[in-house]
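Visitor: I am attaching a structure below and will ask some questions about it afterwards.
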Amino acid sequence: MATLLPPPKRQKVYHGHGIPESEKPPSEQSSSPYIVVQFVSEDDGSPLAPAVSLPANVSREDLQSLVNKLTSKEDEPVPFQFHVALPASVVAKAKESTRIVISKSIEADVLSHPSHAFSPEDILLVHCSPQSVFRVRPATRCSSSLSGHSSPILCASFSPTGNLLATGSGDTNARLWDLFTETPSHTLSGHQGWVLCVEWEALERKLATGGYDSHVRIWDPKTGMPDGNVLKGHSKWITSLAWEPIHINPTSPRLASSSKDGTVKVWAISTRRLEYTLGGHTASVNVVRWGGGGLNGKGVLYTASSDRTVRIWDSNGGKLLHTLKDHAHWVTTLSLNTDFVLRTGPFDHTGKRPASDQEAQSRALARYNALISSTSELMITGSDDHTLFLWSLFPSRSDSNNPSEVAASNGGKLKPLARLTGHQRQVAHVVFSPDGRWVASAAWDNSVRLWDGRTGKFVATLRGHVGAVYRLTWSADSRLLVSASKDTTLKVCPSLEDALQRANVSPQIWDLKTYKIKTDLLGHTDEVYCVDFVADKIVSGGRDRMVKIWKN
């Protein structure tokens, strides 16, 4: 008996019209157009290679491989983020973003953009921005809700390694939390008023807290006990704390405290003595930052005040170097492009701990120098006048413009690099990304705005929150942005490859490709006052008296 062969398989057809699926309709048979692309550096706009002709449907991953090949980085490939700047005429109409991020391909993202600003006949300038070689996973769930505080949580901060967490509350206590077990570790009792700020030393050997009682206290995080006597001297509550950078003083860094009384005090922690007081401001000093630059590289103090001025001081002796009077209202927030590397000192994504103070100093200095190698230490200030100013006060060695010479040429006035406008209400918080390439600002107009961290140019508006946005924090790889809001939510936005993708009012995740919310971190039942991000963990706290840990 002959073997019967099975019948041939039925051929799939296209939408039931009798056309084989492999044969697309005539309208889809046309191949992707070829376009001329010029890859340029995000930093200075210089060409990275000669212009090349490519199919428009080449994927972003293939573009990345091509740029690495053209720039001779095939042995150690670098991840890139690509974008095309929109023409000024289109930006004036849209007012939401100034660039198109290439997330899929040039054809899908640029040529098909709703603005129809580009055609295959154009020579496209594709800006290439190198990204961190490691990637932080976005948080998607609340892993723990930690109770213990009996009043609203006003401040929260991870230690530089991310192994410890400190929170301060209106119940007059600060608390330390064990992040391995996500349970309480120590209760730091001693303040007689609200604990308004907590600040870790960059080697996480000490924790400083400042309170409404006008006192500064130093704690041993291993035991939870006070480390020496309380630091008294201020006459009103403490508004901000800043440690001396590890690359300047690794053995016994000093501490600066600002206060509502209009002064900044610098303390020698080893002797518990007051070194000097900065008394030039005529109203509350709202923020103090200890920068790693200065003309001699020994560090400077930046202070922002309700007297509408920002002042820069020499950290050795407290000599006034500059007074900036451009803001028309209280200056409430200040950030440096070096904040992240100064805060984390010698600790990077590898997690290696230095064996000695000397090793810690050298590693911290190497990280600092790597960041400012292409630009100087920049400062951005935000005010109740709805504006921000970007400043470069101490140029890098490669910059021949001395600030004193620039000021002399402008009649004695030091001018900012840029004035950033767009917010419709008071600016609540501003922060540089860890790599210094981006700036995010939050305001009482319920929005978050993204800016170029080197030029101050507007990039995008992230909308989604339905209440004032209080705080912002970036992930260590500069790809994720988290915002905390009055609307009880957190929103997480993957930075410029992702951050041009997301927005909201609780902790939320922003999608920086679509400028809309990627993820909402829902769980708080009242206003979220503070948020911090380290490794793949986010902490938030607020009026509901709960500390929440968020993870992937």
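Backbone N, Cα and C atoms are what each Cβ position is placed from, and that goes for glycine too.
Here TrEMBL flags 35-84 as domain 'NLE'. Per TrEMBL, the feature region 'Disordered' maps to 1-32. The repeat 'WD' annotation in TrEMBL covers 146-187, 188-220, 231-277, 278-323, 420-461, 462-492, 521-552.
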Visitor: When you look at the repeat 'WD' (420-461) alongside the repeat 'WD' (231-277), do they share 3+ Cβ pairs under 8 Å, ignoring any pair fewer than 6 residues apart in sequence?
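Guide: They are not in contact.
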Visitor: With DSSP as the yardstick, break the repeat 'WD' (420-461) down into helix, strand and coil residue counts.
Guide: 0 helix, 23 strand, 19 coil
Visitor: Determine how many residues of the repeat 'WD' (231-277) DSSP places in helix, in strand and in coil.
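Guide: Secondary-structure breakdown of the repeat 'WD' (231-277): 0 helix, 22 strand, 25 coil.
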Visitor: Any residues 6+ beyond the ends of the repeat 'WD' (521-552) with a Cβ under 8 Å from its own?
Guide: 136-158, 162, 165, 167, 169, 175, 177, 179, 182, 467, 470-476, 480, 482-492, 506-509
